Amino acid sequence: MVGDVFTSVASSYDLMNDLMSVGLHRLWKDRLVSKLNPFPGMKHLDVAGGTGDVAFRILESIHKVKLRGLRGAFQDTLEAETQIYVCDINPKMLNVGKRRASEKGFGEDGSLVWVEGNAESLSFQNDSMDGYTIAFGIRNVTHIEKVLSEAHRVLKPGGRFLCLELSHVGIPVFKDLYDYYSFSVIPYMGELVASDRESYQYLVESIRRFPSQEKFASMIADAGFQKVEYENLVAGVVAIHSGLKI
């Protein structure tokens with residue numbers, strides 16, 4: 001069912017993100033990548049990242065680091081070794097990302113690798129990634145615990161897990177306004193723009209079913225991560241969770 005939802009919304013996914021968040025999702029993803037602190041030569045896995053939004057930001061950040069650094073053979077070698085893997089279970093979402101990458105000129109050097117795969121059973125080796133991100137994806141999986149366990153498995157010691165997800169608002173008045181917007185405005189917007197009210201009704205309901213910030217943080221710690229913390233943005237409309245594999 002979730003697969004059908006994302007197949008249905010793939011072509012309008014980025015436009016709807018802009019409309020639903022009034023463009024704020026761009027700032028949230030910028031914040032996520034700034035916490036990752038990307039570096040040349042890193043091996044990074046972005047899960048549920050089909051349209052490429054986070055992966056492109058990581059490559060842009062690495063390019064800025066490169067421009068600030070000293071040029072030379074060592075730097076060039078690191079740049080050539082940079083690999084950003086974009087993993088998504090939905091081939092239609094991946095196709096959108098590949099098209100966007102081609103239009104923007106990303107990945108022509110082989111630094112972007114597109115992988116159709118399941119977050120609950122990744123095909124990557126143990127201790128193989130410097131970083132792991134998942135943005136607006138983990139609430140759509142069947143078993144969150146399996147996804148967290150797989151994230152821990154593929155990260156190298158010292159690797160960082162980062163998750164950006166729609167979360168729970170704690171301020172009562174703001175919560176009421178947010179609930180009205182979520183359940184009344186967003187599905188209508190989906191029908192108007194994407195001709196798909198049901199998919200956006202599901203997306204809103206999936207947010208309410210997702211664990212609270214505190215509960216999700218404890219799940220990350222239970223998966224073996226250390227120094228687990230989270231940052232609320234816009235009073236908890238979204239939260240960025242992080243953890244380190246020691």
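Backbone N, Cα and C define each Cβ position, glycine as well.
Remember, it's a predicted structure, so these values are computed and weren't measured experimentally.
Positions annotated as S-adenosyl-L-methionine binding site by TrEMBL: Thr51, Asp88, Asn118, Ala119. Its own atom aside, the Cβ of Ala119 (S-adenosyl-L-methionine binding site) has 24 Cβ atoms within 10 angstroms in the protein chains shown.
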I'd like to know which of the binding-site residues Thr51, Asn118 has the most other Cβ atoms within 10 Å of its Cβ.
Thr51
How many other Cβ atoms are found within 10 Å of the Cβ atom of Asp88 (S-adenosyl-L-methionine binding site), counting all protein chains shown?
27
How many angstrom lie between the most widely spaced Cα atoms of the S-adenosyl-L-methionine binders Thr51, Asp88, Asn118, Ala119?
16
